[in-house]
Amino acid sequence: MRLLRPTPRLSSIFSSKTATSNLRFFTAMAPHNDVGAFHEALRSSKRILALCGAGLSASSGLPTFRGAGGLWRNHDATSLATLSAFKNDPGLVWLFYNYRRHMCLRAEPNPAHYALAALAEKNKDFLCLTQNVDNLSQQAGHPQDQLRTLHGSLFDIKCTNCDWIQRGNYDDPFCPALAPASVDVEPGKPFPLLDASLPLDPISPDDIPKCPQCKIGFQRPGVVWFGENLDEVMMMGITNWLLEDKVDLMLVIGTSAQVYPAAGYIDKAKRKGARIAVINPEAENEEEMYKVKPGDFAFGKDAAEYLPLLLEPVIGKLETDKKERS
């Protein structure tokens, strides 16, 4: 299955009159943001699936590259996440990804990461699918066998030509030519690399490391770019998990669910009987409310703030000192 670009919001298909009518209909029902009702649903749920997006890590200080914040040096961030962009200018693409690696290496998991890790420890029938490539879920102690990194990892390195792969590369910068993307600045001061008005010295392809195995291909970030296939073995494992039994509850966290095939898991979970709970700042916006079906939940909150509260009946009070102890 290939990673597809974000689809237009389905709400654009409907007229404003229809959207308003749908909103009135759902408002008349039991509150979609009733924490007590969600707690009851959580307590009665055995098999739980989660789909996480960039919003999960936003409170850790990582940019989501969505909406108004979707530009990097005046480049649409999604336009840099393609193999064709890498072939056209590997230095520019690597600067973008080295910057992201640098930011992730300095970020720390937030309470939402820890809450999901705690849920995994308490419930062995919980499976988390993350679209994030930042490694923060792993840092929070999320059990590896209950975590699927759909889009790979910034800290894996692949070859553009052969099957060579290196896992767990934390070099910062990745290579000397990328040092401008690994600069630390004082809080409140601008990062020079992000100032599009400042000229950017081009990076020669000769400065990008070649594959140590085939000696032909370039080393590239081990993430899934738009148009590329997701890991087939991982995808088959997720399908098998879905087929094993009914799904009681699905958490959709920090994502507007516009990128496929990941977004398709929401419909698959519904077909297996799952109630859907969306935790995302835009979840209660009028243009999103048409998605909230009877019995489902929508919490227009930041995951770091709200997820520990929502999961509290199962995980208990989240320890505030976990960060210092980890």
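Cβ atoms are placed via backbone N, Cα and C, with glycine included.
What Swiss-Prot says about this one:
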ACT_SITE  His151  active site, proton acceptor
BINDING   53-72  NAD(+) binding site
BINDING   Tyr97, Arg100  substrate binding site
BINDING   Cys159, Cys162, Cys211, Cys214  Zn(2+) binding site
DOMAIN    28-324  domain 'Deacetylase sirtuin-type'
TRANSIT   1-26  transit peptide
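Locations of recorded Swiss-Prot features on the structure.
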residue	record	DSSP class
Leu56	NAD(+) binding site	helix
Leu62	NAD(+) binding site	coil
Tyr97	substrate binding site	helix
His151	active site, proton acceptor	coil
Cys159	Zn(2+) binding site	strand
Cys211	Zn(2+) binding site	coil
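Taking the mean position of the Cβ atoms of Cys159, Cys162, Cys211, Cys214 as the Zn(2+) site, the remaining residues of that chain whose Cβ falls within 8 Å of it are Thr160, Asn161, Asp163, Trp164, Lys210, Pro212, Gln213, Lys215, Ile216, Gly217.
Over all protein chains present, the Cβ of Ser59 (NAD(+) binding site) has 18 other Cβ atoms lying within 10 Å.
Neighbours of Arg100 (substrate binding site) among the recorded positions Gly53, Leu62, His151, Cys162, Cys214, defined as a Cα within 10 Å of its Cα, are Leu62. Summary: among the binding-site residues (Phe65, Tyr97), the fewest other C-beta atoms within 10 A of the C-beta are counted at Phe65. The number of other Cβ atoms within 10 Å of the Cβ belonging to Arg100 (substrate binding site), over all protein chains shown, comes to 21.
Among the binding-site residues Tyr97, Cys159, Cys162, Cys211, Cys214, not one has a Cα within 10 Å of the Cα of Gly53 (NAD(+) binding site).
Ser59 (NAD(+) binding site) sits 35 Å from Cys211 (Zn(2+) binding site), taking the Cα positions as reference.
When pLDDT is averaged over the domain 'Deacetylase sirtuin-type' (28-324), the result is 92. Just so you know, the Cβ of Cys159 (Zn(2+) binding site) picks up 21 other Cβ atoms within 10 Å once every protein chain is counted. Calculated from their C-alpha atoms, the gap between Cys211 (Zn(2+) binding site) and Tyr97 (substrate binding site) amounts to 18 Å.
Distance from the CA of Leu56 (NAD(+) binding site) to the CA of Cys162 (Zn(2+) binding site) is 33 Å.
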